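Visitor: Grabbed the feature section from Swiss-Prot, which reads as follows:
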- 1-29: signal peptide (SIGNAL)
- 41-97: domain '4Fe-4S Mo/W bis-MGD-type' (DOMAIN)
- CYS48, CYS51, CYS55, CYS83: [4Fe-4S] cluster binding site (BINDING)
- LYS85, GLN152, ASN177, CYS181, 214-221, 245-249, 264-266, MET374, GLN378, ASN484, 510-511, LYS533, ASP560, 718-727, ASN802, LYS819: Mo-bis(molybdopterin guanine dinucleotide) binding site (BINDING)
- PHE794: substrate binding site (BINDING)
Amino acid sequence: MKMTRRAFVKANAAASAAAVAGVTLPATATNLIASSDQTKITWDKAPCRFCGTGCSVLVGTQNGKVVATQGDPEAPVNKGLNCIKGYFLSKIMYGKDRLEQPLLRMKDGEFHKDGDFAPVSWDKAFDVMAEKWKAALKKNGPTGVGMFGSGQWTVMEGYAAVKLMKAGFRSNNIDPNARHCMASAVGAFMRTFGIDEPMGCYDDFEHADAFVLWGSNMAEMHPVLWTRITDRRLSHPHVKVNVLSTYYHRSFELADTGYIFEPQSDLAIANFIANYIIQNDAVNWEFVNKHTNFKQATTDIGYGLRDNDPLQKAAANPNSGKMTDISFEDYKASVAEYTVEKASEMSGVSQDDLIKLAKQYADPNIKVMSLWTMGMNQHTRGVWMNSLVYNIHLLTGKISTPGNSPFSLTGQPSACGTAREVGTFSHRLPADMVVANPKHRKIAEDIWKLPEGTIPPKPGKHAVAQDRALKDGTINAYWVMCNNNMQAGPNINTERLPGYRNPDNFIVCSDPYPTATAQASDLILPTAMWIEKEGAYGNAERRTQAWYQQVKTVGEAKSDLWQIMEFSKRFTVEEVWGEELLAKAPEYRGKTMYDVLYKNGNVDAFPLSEAQELNDDAQAQGFYVQKGLFEEYAAFGRDHGHDLAPYDTYHKVRGLRWPVVDGKETLWRFKEGSDPYAKKGSGWDFYGKPDGKALIINAPYEAPPEVPSDEYDMWLCTGRVLEHWHTGTMTRRVPELYKAVPDALCYIHPADAKARGLRRGDEVLIENKRGEVRVRVETRGRNRPPQGLVFVPFFDARILINKLILDATDPLSKQTDYKKCPVKITKVS
């Protein structure tokens, strides 16, 4: 066989590299290297499938399969970098137990609640599913059905789901798993600014003089963003990094000062900083007088528990979000009690360190970026805590300018773009609209071409309330999509599993893998993943990114979008709408929900010829469904402060940060000259509020619902580790990631271990009144809790640690507190 000089050089280079690595190439390997037709890899862009950072990756496909991924060097978010999970994206779709066909619990050839899973056709799956939905609707009306979605849905999938539930079934019982991670951030944005999502952007990392992490281990949870902080800190000696947490973790390694505080005492620390700013005459009066109002939050609001729970019954103002007007003097008097002495006593942080932190906020010459994730949001006073940090930035005027940014980070790839912007929460509609507002409902009904009164005005059941309703039998048909709540959610044994196994209920789980949730369900629908479909995500800095389908899915798996739309064909309008509503739109008689919701002249406006050839969803519908859904959804936000670019634009760029007006993205919102919605001459314009002013909201320290006792003497905190993402559905199927961290461990202080006769690697029983788990202890390594607290990650399906978590929530946001519950720890003999 002849070999060209070029091929000879390439082959020798490969052989040399192999020799260095200790590998012997067979003689025929030179042929493989030289034959470009057989080794050609096709590359295209896509946002990463994991966290809310929104890194762009280049995806390499060959012979219909993803074979490689790499960081996208043209991406402004990650600039070519990936984290360890991102580098193994090519393997997440190819786990050995990938689901390829629908599975239904069967006995004697028919569905049976206690039957074994058996393969069925999609038609059979939807026949049984539709029968159960119709029975639930007949029994309890629209509130008898529910849906639990995801911040991992694409924008189009979430939007289609909102239409299916709120307009089709006329049920607001739809909520995303982002309720567990971002609801408190949303609540505080809406209360403080009247509009959701961060005012700053990632460019702030290159401008800030000080970084303050409030309950965020960015080194492991947002590692690419952490590289930008690291670069800023190491390149500019004046820059300071501050890390606040209830335990020591990897982010402390870069910190100039680390602050380990008692659980829940962050409320006291934030109020102390506000008091320090006032007492040291560091208030930016020009900003405060022109751009803020003061409010008092209602206190003693309970813990979002069942109404008959003693803790809930004891609250003076359960679940109240009411606020009253106060003056600056009232606010000053209220925070005055949070002296450095009191804050130090409550938190366990030294007075010197507290003052050091407060000075960085108070100094007008120091630009401060505050960052937080679950440590602040998963908190029974999470909305308050978010607001208290906004108070600090508003008092000093350190907001909406480069480097001055209170920044709520997100954990899922489209918790912002889908859960929040699309409005898949039980109380929301797209673009910050809410179902309780008749004007907002009218806007949605007009865009969707529906008769007035279609959308019900009462918010539906949120995530935790859905569990309770399933257990109580008031929701009987339930669809879980793109999440693993049986592992991730709180209080599994008491409140969730009983509802799934309630014989009156029918539970459907759409997932690519047999998760804990899937195995507890009655019907499992196999789902297409990531670039097996076309979609769009929205990241933490308001950046919307789109991607094309790049490979076909496996077996009979279908996208969530296809499943939603196909299921809608099983219902006529007469079966889901009352006669009174039908009388307003007689032209819809005899039509299916699919006809009314998805073939309405908007969604089906763009022909199939505009789509890429490889687009299974578009081919199935006969029109460019992703573009149609996106453009109809975008109509909600245009001229409303949430402007999106035309859909086709997103395929040409590495994302754009909304609002996008006249083709230009917005970096800093609310700032004149940067935000097109900020009025000329305003300086700052918080236009989410009618008067353009943000709120400084006074809220005190209030204790958590449970504290350690003689019997349950340790705090338990649950969370994540670098190598795994959430419940490990994808990462535990990547061999390299699984081998790196195969098991969840109980990280414990050596003194606490010694007091219990424990050595590193011993198996322990962690228990409280909600359940127990067995896990091995770790006294060294990346996570080092203080005495009295243990940390256990929740990625390990064999150790369902979240079964111990109380289903207490922030009463305002309905978000669960995973960061503090009492347990006892004993050695397994």
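Including glycine, each Cβ sits where the backbone N, Cα and C put it.
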Visitor: Spatially speaking, which of the binding-site residues CYS48, CYS51, CYS55, CYS83 is closest to MET374 (Mo-bis(molybdopterin guanine dinucleotide) binding site)? Use C-alpha to C-alpha, please.
Guide: CYS51
Visitor: Same chain only, sequence gap of 6 or more: which residues have a CB within under 8 Å of the CB of CYS51 ([4Fe-4S] cluster binding site)?
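Guide: Once residues fewer than 6 apart are set aside, CYS51 ([4Fe-4S] cluster binding site) is near MET221, HIS222, THR410, GLY411, GLN412, PRO413, TRP725.
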Visitor: Using a Cβ cut-off under 8 Å and a sequence separation of 6 or more, which residues in the same chain sit near LYS85 (Mo-bis(molybdopterin guanine dinucleotide) binding site)?
Guide: PHE50, LEU722, GLU723, HIS724, TRP725, THR731, LEU737
Visitor: Which site among LYS533, HIS726 has the most other CB atoms no more than 10 Å from its CB, taking these as binding-site residues?
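Guide: Buried the deepest by this measure is LYS533.
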Visitor: For LYS533 (Mo-bis(molybdopterin guanine dinucleotide) binding site), which of the binding-site residues CYS48, CYS55, CYS83, PHE794 has the nearest Cα in space?
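Guide: Ranked by Cα distance from LYS533 (Mo-bis(molybdopterin guanine dinucleotide) binding site), first place goes to CYS48.
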Visitor: How would DSSP class MET374 (Mo-bis(molybdopterin guanine dinucleotide) binding site) in three states?
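Guide: MET374 (Mo-bis(molybdopterin guanine dinucleotide) binding site) sits in a helix per DSSP.
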Visitor: Taking only the Cα atoms, work out how far CYS55 ([4Fe-4S] cluster binding site) lies from GLY215 (Mo-bis(molybdopterin guanine dinucleotide) binding site), in Å, as a whole number.
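Guide: Cα to Cα, CYS55 ([4Fe-4S] cluster binding site) and GLY215 (Mo-bis(molybdopterin guanine dinucleotide) binding site) are separated by 22 Å.
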Visitor: C-alpha of CYS83 ([4Fe-4S] cluster binding site) to C-alpha of GLU220 (Mo-bis(molybdopterin guanine dinucleotide) binding site): distance in Å?
Guide: 9
Visitor: Once CYS48, CYS51, CYS55, CYS83 are set aside, which residues in the chain still have Cβ within 8 Å of the Cβ centroid of the [4Fe-4S] cluster site?
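Guide: Going along the sequence, the neighbours come out as PHE50, THR53, GLY54, ASN78, ASN82, LYS85, GLY86, PRO223, VAL224.
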Visitor: Taking the Cβ of MET374 (Mo-bis(molybdopterin guanine dinucleotide) binding site) as centre, how many other Cβ atoms lie within 10 Å?
Guide: 26
Visitor: From the DSSP assignment alone, can you count helix, strand and coil residues within the domain '4Fe-4S Mo/W bis-MGD-type' (41-97)?
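Guide: In the domain '4Fe-4S Mo/W bis-MGD-type' (41-97), the DSSP-based counts are 7 helix, 20 strand, 30 coil.
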Visitor: Would you list, in sequence order, the binding-site residues among CYS48, GLY215, TYR248, VAL721 whose CA lies within 10 Å of the CA of PHE794 (substrate binding site)?
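Guide: Near PHE794 (substrate binding site), where near means Cα within 10 Å, the binding-site residues are VAL721.
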Visitor: So for VAL721 (Mo-bis(molybdopterin guanine dinucleotide) binding site), how many other CB atoms are inside 10 Å of its CB?
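Guide: Excluding its own Cβ, the number within 10 Å is 24.
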Visitor: What number of additional C-beta atoms lies within 10 angstroms of the C-beta atom of GLU220 (Mo-bis(molybdopterin guanine dinucleotide) binding site)?
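Guide: For GLU220 (Mo-bis(molybdopterin guanine dinucleotide) binding site), the 10 Å Cβ neighbour count is 21.
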Visitor: In sequence order, which residues at least six apart in the same chain have a CB under 8 Å from the CB of GLY215 (Mo-bis(molybdopterin guanine dinucleotide) binding site)?
Guide: LEU244, SER245, THR246, ASP266, TRP372, THR373, MET374, GLY375, MET376, ASN377, HIS379, LYS819
